[in-house]
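Shown next, in structure tokens, is the structure this report addresses.
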Amino acid sequence: MRLRKKWWARPEIEASDKFAEEPKELRGKWNKEFNNNNDIHLELGCGRGGFISQLVEKNKDINYVGIDLKDEVIVYAIRKVKEKEEEVKREFKNIRFVTMNIMGIAEVFDKNEISKIYINFCNPWPKEKHNKRRLTHTKLLTEYKKFLKPNTEIWFKTDDKELFEDSQEYFKESGFNIEYITYDLHNSDFKENIKTEYETKFETMGMKIMFLKARLL
């Protein structure tokens, strides 16, 4: 489904100190942007910010970058973080948002700059000719490896079984070791889960959520 263009979105996100307008200029300088040397974690396809806003609140000593394609999505993610700040009465200085096509992500982050990646409920691109657009495809995993630190984890969640099983092969082919896997996350022994907006919706529909942790060897 295409998002209707919201002309007010761009001015609003540009007015936020949590928006990185020229991310390519920050390549190799993200710790300077955050004014600390803490680890930096990415959420690829952050949507409206329900997931990353919880991470930012829980982990003061980790920096987060949320990436999505559209201003019309990022604007709501920024609002979500502001709501969370008002709720806990604390400013979050450890979060930035970027609007970009993830295919060009290696132009934004430098070698060993990122310590963890989250990929939640990305587009499954079921047609074979579109498979290379999947955020877990070997083509993109190769790009992520250009800026991931050694021994880095990628956490991946989806409701799409075909994507999940294909992704297991993508990770293995790309030099990652799958350290944890479940086809029913909410009935598993994994205790660190933070639910996304989609996940909560799917849970009410009785759908099973699949999850894996893959570590870069």
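We count from 1, first residue shown onward.
Cβ coordinates come from backbone N, Cα and C, glycine included.
For GLU43, ASP68, ASN101, ASN123, the entry in Swiss-Prot reads S-adenosyl-L-methionine binding site. Marked as substrate binding site by Swiss-Prot: LYS127, ASP159, THR196, GLU197, TYR198, GLU199. Look at Swiss-Prot and you will find 129-134 tagged as region 'Interaction with RNA', backed by sequence analysis.
Here the features listed in Swiss-Prot are placed on the structure.
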residue	record	Cβ contacts under 8 Å, 6 or more apart
GLU43	S-adenosyl-L-methionine binding site	PHE51, ILE52, LEU55, TYR64, VAL65, GLY66, ILE67, ILE117, TYR118, ILE119, ASN120
ASP68	S-adenosyl-L-methionine binding site	GLY45, CYS46, GLY47, ILE74, ALA77, PHE97, VAL98, THR99
ASN101	S-adenosyl-L-methionine binding site	LEU69
ASN123	S-adenosyl-L-methionine binding site	GLY45, ARG133, ARG134, LEU135
LYS127	substrate binding site	none
ASP159	substrate binding site	PHE121, TYR198, PHE202, MET207, LYS208, ILE209, MET210
THR196	substrate binding site	GLY47, GLY50, PHE51, ASN120, PHE121, LYS157
GLU197	substrate binding site	GLY47, ARG48, GLY50, PHE51
GLU199	substrate binding site	ASN120, PHE121, LYS157, ILE209
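TYR198 (substrate binding site) has a Cβ environment of 19 other Cβ atoms inside 10 Å. The average pLDDT computed over the region 'Interaction with RNA' (129-134) stands at 97.
Same-chain residues that are not part of GLU43, ASP68, ASN101, ASN123 yet have a Cβ within 8 Å of the Cβ center of the S-adenosyl-L-methionine site turn out to be LEU44, GLY45, CYS46, ILE67, LEU69, ILE102, CYS122, LEU135.
In three-state terms derived from DSSP, ASN101 (S-adenosyl-L-methionine binding site) belongs to neither a helical nor a strand segment and is classed as coil. As a summary of secondary structure, the region 'Interaction with RNA' (129-134) carries 5 helix, 0 strand, 1 coil according to DSSP. When secondary structure is read from DSSP and collapsed to three states, GLU199 (substrate binding site) falls in the helix class. Reduced to three states, the DSSP call for GLU43 (S-adenosyl-L-methionine binding site) is strand.
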